[in-house]
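Working notes, structure below.
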Amino acid sequence: MAKTTGVLISVFFLWGTLTAINSTLPLYFLDYFQLTWQQAISMNTLFYLAPFLTCLPCGWLLSRWGYRRMLYGALLLTAAGAALLALGLVMYQFRLSQGAVFVMASGVAALQVVTNPYLAALSGPERQVSQLSLASALNSLGTTLAPLAVAVLLANFPANSALHQEPLRWLWTGLALFAVLIILLGKASRLPDAAVRLARPSFRALFQRKRMILHILALFIYVGVEVSLATSTANWWVQVGGKRIDQAMSLMAVYWGGALVGRFVFSALAHRISVRMTTLCMTWSAMLLVLAGVMLNNAHGGYLLLITGLANAILYPVIFSQLLRDAQDQAGLASALAIMAGVGGAVLPWLQSVLIEEITLRYSFLLPVALYGLLTLWAGFMCQTPRNAPLSTEVESGLNHD
C-alpha cells in the first residue's frame, strides 16, 4: 500500500512543479520571444483556461474509465504537453508553445480531478487526512522548488533568442519523462483501482443557493489574485528592483515558499483557532502588504509583495471547505466547479496586464488590493466556520490545488 500511495503522492509534486514553472513563463517568454506583456501573459491565460473547459469532460471520463485508467491518461496528456513545449522552444515557435501549454494544462486539470478522490479512496478513512496532508506538502514543495530550478538553469545557461538557445527545453523534457516514469511505477507496483461513486449532478439545485455562487466567486478571485501577483511580482523585480530574470525567478521561491510554510502551520493549528478570524487577518494583511508595496515602489516594496504568499496559504482550503460544507449533497459537482473557478487565474492576470499597459506596472497592483478587499468581505460575511470545528478531509484535500 505504501508503494501505491507513494505513486499517487508523486503526482501532487508533479502538478505543483508544473503550475509554479508556468507562473514564471510570462517573464521568460517576454524576453526570449520578444513579446509585449499582454502577449506573454497569454501563457497563464491558457494554463488556467484549460481546467475551465476540460474539468467536466474529465469528470465524465472518470465515471467511464475509473480512477487508474483516468490517471494514466492524464499523465500521458501532461507528458505530451511538456514534450510539445520543449519542441516549441527548440523550434522557436511561440504559437506551438501556446498550444503545448494548453495541452499540458488540460492534463494537469485531469490530474486534479482524479488524484484527490483516488488517494482518499486508497488510503481508507483512518489514513485519509495524513495521506492528503503529505500530498499537500509535496505539492507545495514542488511549487517552491520549481522557480529555483528555473533560476539555476538560466543563471548557468543563459538564454540567447538570436541563436535560439535556451535551457528550459531540458527541464520540460525531464518533466515529461517524470510523468511517464510515474505511469511505469504505477504499473510495476500494480496500482489498484477503486470504485468511482459519482452522484447525479444538479447545476440548478446548486446555483439556487446564493452561498454557493459566492463561494465559487471567492475561489475565482483567490486563484486569480494569487497567480496575478506571482507573475507581476516577478516582473516588478526586473522593472523596479533591477534584478536579472533568473534572480527575479529565484525570489519567487519566497512567494511560493510562504504558501508552503503557511499550509503546514494552518494544518497544525486549524483545530484550535478561529478560522474565520484567521482568514480575515490574512486577507487584511495581504491587502495592506500589496498597498504598502505600491506606495514604496522600490526593492523593499518588492519584498512585501513576496510575503503575500504566506497570507495566501490558507485561503483556498478555507473557501473550498465552506463550499463543500454548504453543498454536501452535491459534493462532486461542487469540487468540479471549484477547479473550474481556477479560470480566475486566466482572467485576472490578463486584466492586470491591460492595466500595466494603461497605467504602469506600479499602479496595476491596485487591482490585487481591490480583490483582497472583496475576499475580506467574503470572510466577514460568508465564512462561518465555528471555533474549534474539526478540520475535515475536504479542507485537507483543498490544500492540493496548486
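Positions of Cβ are set from backbone N, Cα and C atoms, glycine also.
Among the features that TrEMBL reports, transmembrane segment is placed at 7-29, 41-62, 74-94, 100-120, 132-158, 170-191, 212-237, 249-270, 277-296, 302-319, 331-351, 363-381.
The list of residues near the transmembrane segment (212-237) in space but at least 6 beyond its ends in sequence, with Cβ under 8 angstroms from a Cβ of it, reads 23-24, 26-27, 30, 37, 41, 44, 48, 206, 243, 247-249, 251-252, 255-256, 290, 293, 301-302, 305-306, 308, 312, 315-316, 319-320, 322-323, 326-327, 334, 337-338, 341-345, 347-349, 351-352, 356, 361, 364-365, 367-368, 371-372, 374-375, 378, 382, 401.
Most Cβ pairs under 8 Å to the transmembrane segment (277-296), among the stretches 74-94, 100-120, 302-319, belong to 302-319. Within its own chain, the transmembrane segment (249-270) has Cβ neighbours under 8 Å at 20, 23-24, 27-28, 133, 136-137, 140-141, 143-148, 150-152, 154, 229-230, 233-234, 237, 243, 278, 302, 305-314, 317, 391, 395-396, 399, 402, counting only residues six or more beyond its boundaries. Contact counts against the transmembrane segment (41-62), taken as Cβ pairs under 8 Å, peak for 7-29 among the stretches 7-29, 74-94, 132-158, 170-191, 302-319. Distant neighbours of the transmembrane segment (74-94): 11, 14-15, 18, 29, 32-33, 35, 39, 58, 100-108, 110-111, 113-114, 161, 164, 166, 168-170, 172-173, 175-177, 179-180, 182-183; these residues of the same chain sit at least 6 beyond its ends, with a Cβ under 8 Å from one of its Cβ atoms. The largest share of C-beta pairs under 8 angstroms with the transmembrane segment (170-191) comes from 7-29, of the ranges 7-29, 132-158, 302-319. Panel annotation: around the transmembrane segment (302-319), residues 215, 218-219, 222-223, 225-226, 229, 233, 236-237, 240-241, 251-252, 254-263, 265-266, 275, 278-279, 282-283, 285-286, 289-290, 292-293, 296, 365, 375, 378-379, 383, 385, 395-396, 398-399, 401 of the same chain, lying at least six beyond its termini, place a Cβ under 8 Å from a Cβ of the stretch.
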